[in-house]
């Protein structure tokens, strides 16, 4: 019968198994090594006996046991050869080709609990009430300093309290109106509008700083933030930023114009200056000639200045004419913080 051929890996495993079996079975001392059985010697072939005083011949030491660690290291070294080698495994993986298509989806889970539409509507109403309350609190904070006592606007019931008596259609309408408003404009932190309390006399060839203002209690007037000194007429910037400033003066001539042509240098200058230094700092200025002016006229100036925190601005009137002037009460001065 033809002998079967074992692969190299099988022979390696058999050798390691033999070594492991030898670990538990020690070779007895009386046993002779394999292949050392005495064979019959032919006549005359006996070796001569050694002399009596000669040293004894060295004997071959017999192995009584196998070290387990050496056997395991041999097994590990031999396990990477043959069919278990890394190169052969890598070549086998490359021959597998592309993976197949994904399998079918698993079974669908059980359906969740049934929630009635009434419960969903109540939860939606609660969410809508919370959103409306949050919006009202923000609007109240934004408009707390905007209204004046003279506005006399009647108090209304908050919309969040009105939701309790509204039907679902009204709730949806309120939600749509809230979303249609879009993003709100940023809050203005500093602004004012004041008027001159009484008439102010300005002598000829004089530069006069206006003061003695008051806050009008009319619809549309506003005052928000600190910094306005009504007595001195100076507005101190609470924070550094860009400020839009405006001033409008109603001016009356107190003296009758002299006979003859008016001199070209008879003019008025209206200025808004920083720290009362109109020549050194940036300022807003308007120049008006008096050649064709009437006895009562209006002069205005407006623009944007950057103010540092703690710096003040005020209104100046430069009367570069040959007659005195009167700034009428009701002339106004205003400012608003545009941004930082």
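Backbone N, Cα and C atoms are what each Cβ position is placed from, and that goes for glycine too.
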From the list 7, 51, 99, pick out the residue that Swiss-Prot labels hydroxyproline.
99
From the list 55, 101, pick out the residue that Swiss-Prot labels hydroxyproline.
101
Would you mind telling me which of 141-161, 162-182 Swiss-Prot tags as region 'Disordered'?
141-161
From the set 102, 113, 264, which residue is assigned the annotation hydroxyproline by Swiss-Prot?
102
So, three-state DSSP: helix, strand or coil for residue 101 (hydroxyproline)?
coil
In whole Å, how far does the CA atom of residue 101 (hydroxyproline) lie from that of residue 107 (hydroxyproline)?
18
